[in-house]
Amino acid sequence: MASCYFKQECEMVVFSFPQCYCHGRSWCPWSSLCHGTTWMIPYNFRGPGVAVLVISWIITFYTLWQMVEMHEMVPGKRFDRYHELGQHAFGKKLGLWIIVPQQLIVEVGVDIVYMVTGGQSLQKFYDLVCKKDCKDIKLTYFIMIFASVHFVISHLPDFNSIVGVSLAAAVMSLSYSTIAWGASVKKGVVPDVEYGYKAKSTAGTIFNFFSALGDVAFAYAGHNVVLEIQATIPSTPEKPSKGPMWKGVIVAYIIVAFCYFPVALIGYWMFGNQVKDNILKTLEKPTWLIAMANLFVVIHVIGSYQIYAMPVFDMIETVLVRKLKFKPSWMLRFVTRNIYVAFTMFVGITFPFFNGLLGFFGGFAFAPTTYFLPCIMWLAICKPKKFSLSWIINWICIILGVLLMVIAPIGGLRSIIMQAKGYKFYS
């Protein structure tokens with residue numbers, strides 16, 4: 001299994017009304033879900049690739065169910081933040097130190113990758129629509145153009161204020177994924193297609209496999225914001241929030257399976273191991289359709305960036321106000337959020353290595369928060385009987401998650417080093 005085939009995020013479609021808001025949890029007739037389950041589909045689909053993709057889908061589906069269930073596990077209390085649940089499971093101080101660093105790495109890492117993705121898609125759009133008499137523009141400038149949007153919309157107050165952006169991102173995501181596999185089918189199998197491993201050496205194949213495991217892990221980032229999203233849903237003892245939340249999760253995972261798996265499977269079938277990390281970079285014709293798909297990607301990652309930035313804004317502003325005694329004001333929000341956007345833009349410009357970033361962040365941060373921390377918290381809170389089915393399943397997930405956390409960053413870091421060898425920074 002090589003590195004990444006196609007980057008996706010399915011914004012689980014929410015039917016929300018303007019009167020819905022987070023902190024008051026006012027009545028929402030159709031509020032179900034939500035703003036994000038991230039999907040990264042690996043493209044080298046020999047046996048191990050298919051197995052890893054399916055197993056990861058099953059494990060993360062299970063751990064996401066655990067997160068939804070634990071949101072209101074204590075009667076009369078809702079754990080609206082990942083770290084609040086961690087504090088309940090591990091203790092006030094230890095839980096904070098276990099969860100918050102991992103969650104921050106995930107959310108910041110996602111936003112850095114989205115900066116790179118947005119810039120690359122804008123560049124591809126420019127190259128497609130302006131083939132003649134156009135000056136080459138550096139990727140750096142396209143990332144800066146993409147970031148300029150976030151310098152504006154990052155000042156929206158909370159999750160419910162970006163429902164429109166999120167819904168647009170959901171529609172765009174479904175649209176460009178359909179274009180991707182449809183255009184691939186139209187193009188047909190390329191001449192002399194090769195389905196073997198891309199690396200020429202055994203060591204290269206192993207490291208690519210490690211990196212690809214991180215790519216798959218990166219696909220499942222929704223766990224990091226699921227509690228924040230569930231917090232926006234009204235809940236009563238008679239109708240707890242986990243009901244509509246879980247329905248939304250099921251719909252999202254079904255959409256992912258039926259819409260996004262074909263992108264990976266068909267893309268590999270048509271292009272073999274020569275497909276690029278983003279299938280839309282491989283496709284060229286019909287020009288107008290591929291150009292439009294790249295614009296859809298840009299709109300999609302604009303919404304996705306905000307979904308993962310919102311919890312970071314909340315953490316930063318909470319620390320500044322409660323710990324450092326800053327006065328809450330629009331100026332504080334303006335400065336802190338612009339600094340954050342500028343930081344992710346700078347890192348994205350400096351290290352625009354899509355594949356390597358996915359593998360590294362996927363293993364280093366996403367594996368703990370998605371694959372095994374929910375299982376550890378479930379064991380700590382629910383205390384299932386030793387060697388019961390629940391106990392065994394959770395320990396299997398924990399072992400697989402820890403292995404993923406150890407080996408995937410190795411492959412991702414190697415990929416970054418290999419790409420950096422021939423790269424001119426800020427070019």
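Here the Cβ of each residue, glycine as well, is placed from N, Cα and C on the backbone.
Annotation comment: TrEMBL describes 48-411 as domain 'Amino acid transporter transmembrane'. What TrEMBL records for 49-68, 139-156, 162-183, 249-271, 291-313, 334-354, 360-381, 393-417 is transmembrane segment.
Within the chain carrying the transmembrane segment (334-354), a Cβ under 8 angstroms from the stretch's Cβ atoms is held by residues 4, 7, 108, 111-113, 115-117, 119-120, 139-140, 143-144, 147, 150-151, 154-155, 277-278, 309, 312-313, 316-317, 320, 415-416, 419-420, 423, 425-426, all 6 or more beyond its ends. Note on the transmembrane segment (360-381): residues 40, 59-60, 63-64, 66-67, 70, 73, 82, 85-86, 88-90, 98-99, 102-103, 105-106, 109-110, 112-113, 210, 213-221, 223-224, 390-391, 394-395, 397-398, 400-402, 404-413, 415-416 of its chain, located 6 or more positions outside it, place their CB under 8 angstroms from a CB of the stretch. Sequence-distant contacts of the transmembrane segment (393-417), counting only residues of its own chain at least 6 positions beyond either end whose CB sits under 8 Å from a CB of the stretch, comprise 3, 55, 59, 62-63, 207-214, 217, 351, 353, 355-364, 367-368, 370-372, 375-376, 378-379, 384. Long-range Cβ contacts of the transmembrane segment (49-68) within its own chain (Cβ-Cβ under 8 Å, at least 6 residues beyond either end) map to 1, 37, 41-43, 85, 212-213, 216-217, 219-220, 222-223, 226-227, 230, 242, 245-246, 249, 253, 256-257, 261, 264, 370-372, 374-375, 377-378, 393, 397, 400-401.
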